[in-house]
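Listed features, source TrEMBL:
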- B:47-68: region 'Disordered' (REGION)
- B:81, B:82, B:136, B:171, B:220, B:225, B:236, B:237, B:238: Mo-molybdopterin binding site (BINDING)
- B:99-254: domain 'Oxidoreductase molybdopterin-binding' (DOMAIN)
């Protein structure tokens, strides 16, 4: 469904924008250390990845808690992941590289960690474009298939993160653990559905735990 | 009970002040007597009359390198994995390292091996200011006025034997004050670096005991560090406690950790990318938003002086 405006919606929107306000405040007060451009870049990328993880976490949380209210906000969280990813990309192109396309081209060709970032962004971008209800209708069954790519986006984003580090892997491993955990949950649900489907053949249809897609 | 130290306490208060003052005096006196060598930015004159170290090179153009990077940025942006993998955290944590009574062991293929007090070493040298561009393998750079002396002078003084082909440097091992050594994290401690002997005695290669006209801050490598301006920053080892002249190339820390990514030579080279990222451009610390990155130069711009060291080598192979 398209965004339903109510108090919770407003509160969550503001919550999702807080990291941006925090960043703008840090820029205004020169609180970003010796390499502020890189600090901005990392902060935006971090938040994009966090929102991706939050988006992915909603269905498992719903399944476990039987609390259905959250699914309304999955789309919004996904769009915020896209929002921060877009700022991250724009920052790379214009704040860090000042739009020097020659240098940007060489940088992308020579930096394999950026390839994974590009993959993640292309996926998130296509999911954002097909986010509206109208697109969902038009795509029909394919919509769900397309939007499963979010796992690839999350995986690529985590690789993008640790592939650019000199060595320390703690933070990206943390995200990787979350993504693997969330994906593992989906696989378990899928296996369970398949078993149920087998048991119920030929009488019924498989039970789907994902009702809101 | 944990007593939190006030961040604003300067390093000089944490070091035994007496020792610190003494070292400062020696370094100051030496700076005062410094000659003005060609090609190196001179320290300001009349240092004896000044209560402080000579003024840092002013922020106008210094030897074609552009303005020096503001000291505050350099002091708060340092890779010091013994303390933390986070650059800003290292600054505070490094204040725990005791740097008083610093001793350096010199050994291997030399006629005069031994344990030398840093004060003794410094008092035999002429300290000068060397303004160098420092290029990190992480694709950022800064322009720093180091205070130091050529490594060649020290090597000459301990009289190398003919078998000396490499120089190995070892950083301090102090798990008591270095958290990442305590938990044995990531790299093989202590940190080790090395140079070929001809690189080591090159006049651009210095040992630095100060920067910006003052004693080297702990996070920047006190009490004594190496600076090799045409190589990536990880070659310029900090807090040196041991220097050995060897017949064979020793294993070095980053090379051991990831041999395909960090070579023994580690010469700055924009056309040889790191396996995972480009080295074509660099972010200069202190440059503003929407400022293009600087295009990295071969040998970090010191090619005229050092290219001959590698004239018959394939730089792609010997990265």
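Using N, Cα and C of the backbone, Cβ positions are placed for all residues, glycine too.
Annotated features taken from TrEMBL, shown on the structure.
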| residue | record | DSSP class |
| --- | --- | --- |
| B:81 | Mo-molybdopterin binding site | coil |
| B:136 | Mo-molybdopterin binding site | coil |
| B:220 | Mo-molybdopterin binding site | helix |
| B:236 | Mo-molybdopterin binding site | coil |
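Long-range Cβ proximity for residue B:136 (Mo-molybdopterin binding site), meaning a same-chain Cβ under 8 A and a gap of 6 or more residues, is found for B:79, B:232, B:233, B:234. Cβ neighbours within 10 Å of residue B:238 (Mo-molybdopterin binding site), excluding its own Cβ and spanning all shown chains: 26. Most buried of the binding-site residues B:220, B:236, judged by other Cβ atoms within 10 Å, is B:220.
Within the set B:81, B:82, B:136, B:171, B:220, B:225, B:236, B:237, B:238 that the record links to Mo-molybdopterin, no two Cα atoms are more than 19 Å apart, and one pair reaches that distance.
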